[in-house]
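Record features (TrEMBL):
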DOMAIN    41-288  domain 'G-protein coupled receptors family 1 profile'
TRANSMEM  25-47  transmembrane segment
TRANSMEM  59-79  transmembrane segment
TRANSMEM  99-120  transmembrane segment
TRANSMEM  140-162  transmembrane segment
TRANSMEM  200-226  transmembrane segment
TRANSMEM  238-259  transmembrane segment
TRANSMEM  271-290  transmembrane segment
Amino acid sequence: MEVENQTQVTKFILVGFPGNLSMRAAVFLMFLVAYILTVAENAIIILSVQQNPPLHKPMYFFLANLSFLETWYISVTVPKLLFSFWSASNSISFTHCMIQLYFFIALMCTECVLLAAMAYDRYVAICRPLHYPTIMSHGLCFRLALGSWATGFGISLAKIYFISRLSFCGPNVINHFFCDISPVLNLSCTDMSIAEKVDFVLALVIFLFPLSITVLSYGCILATVLHMSTGKQKAFSTCASHLVVVTIFYSATIFMYARPRAIHAFNTNKIISIFYAIVTPALNPFIYCLRNREVKEALKKLAHCRAIGSD
């Protein structure tokens, strides 16, 4: 039968995490705690950076942007997931699926560029310390942050345009807990070669270009630190948190999105998705706070001020 004569899918069914009531309650509680913890952690970091003059530096400006981004990043998927545990029909309309997919991709792409901007900031701070205040001006930091958001949301718009033009004739069941690229592509009943090529090329651009900047920055940082007679440990400590976050982020995203068509909707991929969609945003604030002395001091000061205010 011709595709034109087939019934077009108007909504998808998200399988989510099926199981008995006790198992669903346990998983629901785990995701709820992770979501609340992530939002609270990132809100505290943003508030600390905003209210502490010692943190009014480029490094922490980008960190506040990253915290704001990850608050929305986890909010794109988890609230819908939490609602699905107690919903009789875990359905999502085609339009809402495309919107969810758009924002998820946009925030992921934005994080790629933002992490590269943070790597460049560390490069200037360690390799060109005397010129750091001049190079990393407020204007440049603002443009780098704005460029990160604009690039991420612009590239995502191009991806979604081609994906949304595909025809979906059924089945309409997505074995996932949100609308991700691979599960959605696998349900298309028409030729997806153009959408797949566009997605792959743009994924290479948004991953490899920022990753190249990050690798080059840390290559220069390593070369500079190795030639230092003193202060090596302090120089490395200023980069440790960011380097850990970059490693976790790129390891997960490249594994999942290097070839989206080749990744089928198996339960294994659904479990792996939990790591980069939920676990990683929850871990990143801990990584930055535990590895950064200035952030820890700012948090203590913020807690002390709140305690005095409540008294």
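Residue positions begin at 1 at the first shown residue.
Each Cβ is built from the backbone N, Cα and C atoms, and glycine gets one as well.
Over the domain 'G-protein coupled receptors family 1 profile' (41-288), the average per-residue pLDDT in this prediction is 86. The transmembrane segment (271-290) makes no contact with the transmembrane segment (200-226): fewer than 3 of their CB pairs lie within 8 A, with pairs spaced 6 or more apart in sequence. Cβ atoms under 8 Å from those of the transmembrane segment (25-47) belong to residues 17, 19, 63-64, 67-68, 70-71, 74-75, 78-79, 81-82, 85-86, 278-279, 281-282, 285-286, 288-289, 295, 299, 302 of the same chain, restricted to positions at least 6 beyond its ends.
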